[in-house]
Amino acid sequence: MMGLRRGGLIIATIGAVSLFIGAAWAHPPFCICKMANATTVSCEGGFADGTGVPGVRLDVIRYDESVVLQTKFGPDSTVSFKRPDGEFYMLFDAGPGQSFDVDYKDIQ
Amino acid sequence: MTVLASPSRGASLWQRWRFHLSALVLIAPIVFGPAWFHQNAFFDGKKGLGQREIGEIAVGPWSVRLAEFKLSEPDAEGRAGHAKEFALALCPACVDQVKAAYLRVGKPRNLRTAGALFSGTPYRQTAEMRVPERTTADDELWLTLEGWDGTLHQATIPIRTASPVMAAWLEKRGRS
Amino acid sequence: MDGTVSRKTSGARLWFVFHGWLALPIWAFLFFVCLTGSIATVSHEIMWLANPEVRANAPSSDARLLSYDEIMAAVEREEPGARVRFISRPVKSMFALNVAVTRPDGNSARLFVNPYTGAVQGEQGAFDFRRFVRALHAWLLMPFDGGFPIGWYAVSALAIPLLGSLITGIVVYKRFWRVYLRPRLRVSKGRRIFWGDLHRLAGAWSIPFIAIMAVTGGWFLIQAILGDNHISISTAGVPPVVSRSDVPAVDKGAPAPRITLEQAAEAVRHQLPDLEPSFVQFPSSAYDHISVGGRGSYPLIFESVDVNPYNGKVERTRRVSDRSALELVTGSMRPLHTGDFAGIWLKLVYLVFGLALTTLVFSGMMVWTKRTAIETVKVVRERRQARLGLEAAE
């Protein structure tokens, strides 16, 4: 709730400027991955305030750090890909401080 | 016709005051006023780094002071799950050496997965750390400091040390 | 014939009763919100009157405003080691610069800096009148823990009875426009006549203002509902961050060199020539931008530019033209509510109408406390008789 805390504080502090800052309230990102069918993983990304993530990078990386796949979220903030074998994780990466990694064990 | 006539004293008081009862809303600012001033002072750092200071933590050649920003359970963040906010102050000697500080539950695989980025000033910065679903009270927080020269240093803090409130919350969540 | 007349008066009476019941049970709360809101419109100016430290007095008539770099140097001179987070520099303002800093001990302060000399004239104390009045008006000082406070919902929900009172008031008092031609305030005909005249007078004159307050206040309610349910209508997209590869690696012991604020302002001027920058926000981390913003051609909406602090590139602009129609409408709500977008004359207009609305609420209570109850009894009785008559006819 840092965003709201800041929001209230900033509204109270600097008034009209809050309109601008309001757009930049900190909201944590998320990435939820599921098996769409037996072989396909489907991930949905976003920010807690409801902001979508079209065009944001998603990497699929093995535990040994070799990159299996570099892809991007589509206009609907989802992305699908063939599930690799073995141990891997998915990394939503919108830049420093805005990343979210999902272990293959957490695929729902 | 007798509707307006009031036989008892209580009814008469009600007749007289019923339209003014909304003035009772003013109890809210009276009750919350002191907390409002306290909270503003807190946000301005005049009540310390956070609501509960964790202590000085050595991270490689550097050290930081870490605090629970609010002495409360992790916040619900909608679909992003839960997050817990921490505050950090860099040691006076390292304010110009540390580029960034990150915090997460469990060991990061690399810098890109180092977790929540602290933001603010070197003297007081905060980060909202994600609390993954599988977190248990026995896990550790990993604090990563990145130097302007590119060096990385890490430290771990048991969740029970970092936030007893969060540890209790995790235990409660684990049982249910 | 009799029947039609009776139905008509009965209908009018029903509207009358609706109008009374809409605000009467909450009049004291509404009165408080209108009064504090009126004060809030000029709270900054009140601070200006009360505290010389917040004034921007020029040392001479031809004094030049300091550049951002000069402001930074002045702050560093007077507050060594403090980190500047934010500089608010309203264009052509009578107010001193507001510079938010964090000191090495972790304390934050807002400094009042003279825009001509760079002198730190003072700093905001624990009691910030403007902040206090706004918080009191808008959310009853309740805390923002885990979402918008109940106080925010309670205050913004007043938009509903306010809008209802406006509509029913116009229906009841169809010939309100007469007040514009022949204003009437009878002082010597008894209290009820006086308060009644005052109610009609204040109401008729503030119809547009009430409509603005009801609609914009209603938006604050919607905003809280959207926010608490994590629904975004923003087209701002993913918050921009500086990429790791843009931050130059340097030798141990010093941060990577960043551009100066004046260089950032120059990049902004180049990109958006019609923007009048009124604030600068410093990077809050090594991967954050310098944000510069202000009002552009459409005064209700702030435009902003994010500049990469290492290479000076403009990496994002948020202009009026980048926003959706919905954002333009919703983004205009707050300035329309506060009236802070056109200068002090508009604030004074808002103050006058705000006080008119406050008077309206009070006079309404004075008129209606007795009348609403009596009229309600009449309506109930009439309805019952009508129903009985109908049943008898059948």
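Backbone N, Cα and C define each Cβ position, glycine as well.
According to TrEMBL, the domain 'PepSY' annotation covers C:66-122. Summarising model confidence by region, the domain 'PepSY' (C:66-122) averages a pLDDT of 93.
What TrEMBL lists as transmembrane segment is C:12-40 (among others).
For C:150-177 (among others), the entry in TrEMBL reads transmembrane segment. The list of residues near the transmembrane segment (C:150-177) in space but at least 6 beyond its ends in sequence, with Cβ under 8 angstroms from a Cβ of it, reads 12, 15-16, 18-19, 22-23, 26, 29-30, 33, 137-142, 200, 203-204, 207, 210-211, 213-218, 220-221, 223-224, 364.
Annotation comment: TrEMBL describes C:198-222 (among others) as transmembrane segment.
Taken from TrEMBL, the feature transmembrane segment applies to C:344-368 (among others). Residues 20, 23-24, 27-28, 30-31, 34-35, 37-38, 41-42, 45, 165, 191-192, 195-196, 198-199, 202-203, 205-206, 209-210, 213, 338 of the same chain sit 6 or more residues outside the transmembrane segment (C:344-368) yet have a Cβ under 8 Å from a Cβ within it.
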Self-check item: Sequence-remote partners of the transmembrane segment (C:198-222) [C-beta within less than 8 Å, at least six residues beyond its ends]
Solution: 37, 138, 152-153, 155-160, 162-163, 165-166, 169-170, 173, 176-177, 179-180, 183-185, 330, 333-334, 336-337, 350, 353-354, 356-357, 359-360, 363-364, 366-367
Exercise. Count up the helix, strand and coil residues in the domain 'PepSY' (C:66-122) according to DSSP, in that order.
Key: 11 helix, 22 strand, 24 coil
